[in-house]
Amino acid sequence: MKITVNAQDHEVASTTLAAVLLELEITKPAIATALNSVFVPREERPATTLSEGDRIEILAPMQGG
Amino acid sequence: MQIYDTEINSRLLVGTAQYPSPAVLVDAINSCRCEIVTVSLRRENADGSGTGFWDTLRQTGTRILPNTAGCHSVQEAVTTAQMARELFRTNWIKLEVIGHADNLQPDVFGLVEAARILCAQGFQVFPYTTDDLVVGEKLLEAGCEVLMPWGAPIGSGQGLRNPDALRGMRAHFPNVPLIVDAGIGRPSDACQAMELGMDAVLLNTAIAKAGDPAAMAQAMAQAVDAGRAGYLADPMERRNMAIPSTPILGMAELA
């Protein structure tokens with residue numbers, strides 16, 4: 001399945017958001033996720049199924065003003 | 001100073017971006033003894049640098065005010081706020097909905113809409129706004145309990161472009177915490193904001209881009225304290241003409 005993660009194209013085998021994070025080896029706890037511009041809470045990642053062409057954003061703490 | 005349900009002692013809020021190094025940032029935070037720092041969210045890097053920054057910042061013991069910097073739409077800002085709440089474990093959000101790419105002016109229409117949505121979801125919203133009184137009223141109606149008018153465009157260091165408007169905000173919203181956000185360049189700018197009766201100032205670039213950020217942080221803190229003390233001391237009215245301060249009575253005739 002082709003999806004986009006942080007604007008990068010990926011071909012993944014996983015079908016849930018939680019599984020994709022593992023597949024892409026994104027294991028750091030200090031991240032937050034959104035699917036197609038909608039926030040997905042941490043506890044909902046395992047039950048969030050993905051579809052072809054989905055856009056995932058994975059954000060982390062960063063310096064800001 | 002109370003903001004929402006939190007008592008704050010330091011009236012200087014500091015941004016965490018653009019410092020030469022994390023160590024310099026920590027020195028600046030310690031130097032000005034600020035209690036609140038702003039942070040952002042960006043795409044996770046493969047090197048995990050975001051996690052490293054977060055670990056460094058947590059060691060300072062400061063309270064985190066996440067922002068929605070760079071968001072140009074209500075949807076972006078709301079989603080970013082929701083992600084920030086989970087990540088930083090706080091209901092606080094510095095709400096930015098940017099309306100103009102050149103001067104980073106707030107889109108006040110989107111700002112009010114996003115504030116209404118987020119307040120209804122239990123966020124404690126710190127809206128980055130203009131000095132427009134009507135917009136301020138709308139933000140309060142939306143549920144905001146603090147207003148953050150700009151002094152000048154973000155990162156410009158121009159100082160207060162419109163002190164009269166800020167004075168007007170103070171008069172119009174006597175019981176609402178007002179924090180000047182953006183545009184402060186020098187300690188005198190911060191002092192002026194506080195003399196006008198603002199409750200606090202939030203700045204970033206003025207410290208981060210100073211030759212000695214830690215020294216500038218300390219100078220800013222002193223300026224904020226001096227300005228606040230001056231405001232509370234009730235400054236004299238300006239006069240158009242000179243009035244001698246030394247008594248005329250008893251003057252000798254020596255001409």
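Count begins at 1; order follows the chain as displayed.
The backbone N, Cα and C atoms fix where each Cβ goes, glycine too.
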Same-site residue for 1-deoxy-D-xylulose 5-phosphate (record: TrEMBL; known: B:ALA182, B:GLY183, B:ASN204, B:THR205; options: B:GLY136, B:GLY143, B:GLY155, B:GLY250): B:GLY155
Residue among binding-site residues B:GLY155, B:GLY183 with least C-beta crowding, 10 angstrom cut-off: B:GLY155
The domain 'Thiazole synthase ThiG' (B:2-247) [mean pLDDT, rounded to integer]: 95
B:GLY183, B:ASN204, B:THR205: the binding-site residues whose Cβ falls under 8 Å from a chain A Cβ: B:ASN204, B:THR205
DSSP-derived class (H/G/I helix, E/B strand, else coil) of B:LYS94 (active site, schiff-base intermediate with DXP): strand
Cβ neighbours of B:ALA182 (1-deoxy-D-xylulose 5-phosphate binding site) where a neighbour is any other Cβ within 10 Å: 26
